[in-house]
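Novice: Pulled the feature table from TrEMBL, pasting it below:
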TRANSMEM  71-93  transmembrane segment
TRANSMEM  187-210  transmembrane segment
TRANSMEM  222-239  transmembrane segment
TRANSMEM  245-261  transmembrane segment
TRANSMEM  273-300  transmembrane segment
TRANSMEM  320-345  transmembrane segment
TRANSMEM  399-417  transmembrane segment
TRANSMEM  464-486  transmembrane segment
TRANSMEM  520-541  transmembrane segment
């Protein structure tokens, strides 16, 4: 809800309204002095009742109630449309005869399920069905070295590029579905995977909305960001047997918990929310390898908290106590970051033990990647089979793929630079004033005064600046990796599942804050990709 008063002097008075009226749970001052935001309202309260509760503190011009249920409704509608487009295309349109790809043969008798087993979905379903393949010598091989053009060896190595958590959940869900409804195993796997992906998408939309409210402090912008996510250009991959939805939910939920006001709670009566955030981000890494990048945002956020707490408590506590608390917090942060990246390290260790260590004890010839200084099967698969590497994708034949990724690259580059400019400027000013305050100089100007001095709209609210700076760095880093070293056509879904600021930016463009031309181009891009993506993916066209 946003209530706008006629005079700025009424804004601060509304801060105490939570004590006077039970219907107003939490009131927060927005950057605009004439606006306040009330959250955690009772679902039954209406705008008239809310206006009456606020009017005793000032003349209220406008009252708007924005409920989280709207985001869930958008997410459900978008999933119904996406799944419907995929099933309809698979049933009534001719399928492209793709060659050299793995196919999941467990749904030959179920044409509806055929829409959800294309491309990477076949790999994930194979892992859910049979698990990862055993070492080569257990299959009657006399050498552990990959034999070119062997389908068995091709699957044996490449399947390890897909991390295990999503397929593990699908396997156990399918076992329940099979026992409850008597479905055959292949169809139960696909049905469980599609259900998991779509439920996780709805949950991720709600998590993104809460995260946006915490960082942006503006529910209107948070709603536009959630709307952009619900109908994002990579929507097809969030409703099929892909890890995008599960990864997005775990990532957005982890960030939302991390940036909540109580995340740095040190009470021994309950588990600190920072540890819960680390656990969620750890699960995200066990779902997709790029989950390790979340450690950047986690580390920067925790570093800001530790420095801020040390500077605020140095005047009331002894230097030894402050130093010990800082060291304890730093050690906890290091353990939490180690937890986030541990699934990646553990999975690579599992692959090394499986292909390299055991092969050396049996005097077998090892795979080439086993002999590298840092042996990583994941890196080997990316390089050998998928052509991943610095500028390796920059060829004439890949020009269509660059055109496919051009819109999201342009939006991301523009948005990341602008977010960095707005957030970093405020973060630098806040850091300087924080250091001055620690030295006894308390002359910090108000945020409104800073906006007048440096330009309205250029700066973010102070409490959001550090988090937004971390998000801008994370967004820019992932964009550079995608454009310079990855298969560039996957950039859209790669960023959509990992970068909340991408959806904030698309939401801003759709809201018309950057002009009608940008709004029109963004709308055409979103609608075109939202419709064409599910159709192309279901028909086995290279829309990845």
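Here the Cβ of each residue, glycine as well, is placed from N, Cα and C on the backbone.
No curator has checked TrEMBL annotations; they are predicted automatically.
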Novice: With Cβ-Cβ distances below 8 Å as the criterion, list the same-chain residues six or more beyond the ends of the transmembrane segment (273-300) that contact it, or say none.
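Specialist: Distal contacts: 161, 163-166, 243, 246-247, 250-251, 253-255, 257-258, 260, 262-265, 332-333, 336-337, 339-344, 347, 378, 466-467, 469-471, 473-474, 477-478, 494, 497-498.
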Novice: Of the listed stretches 187-210, 245-261, 399-417, 464-486, 520-541, which one has the most C-beta pairs under 8 A with the transmembrane segment (71-93)?
Specialist: 520-541
Novice: So which of 222-239, 245-261, 320-345, 399-417 has the most C-beta pairs under 8 Å when paired with the transmembrane segment (187-210)?
Specialist: 245-261
Novice: Count the Cβ pairs between the transmembrane segment (222-239) and the transmembrane segment (520-541) that lie under 8 angstroms and are 6 or more residues apart in sequence, then report whether there are at least 3.
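Specialist: Yes, the transmembrane segment (222-239) contacts the transmembrane segment (520-541).
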Novice: For the transmembrane segment (399-417), could you work out the same-chain residues 6 or more beyond its ends whose Cβ comes under 8 Å from its Cβ atoms?
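Specialist: Result: 233, 393, 472, 475-476, 479, 482-483, 487-489, 491-492, 495-496, 499, 501-502, 504-506, 509, 522, 525, 529, 543.
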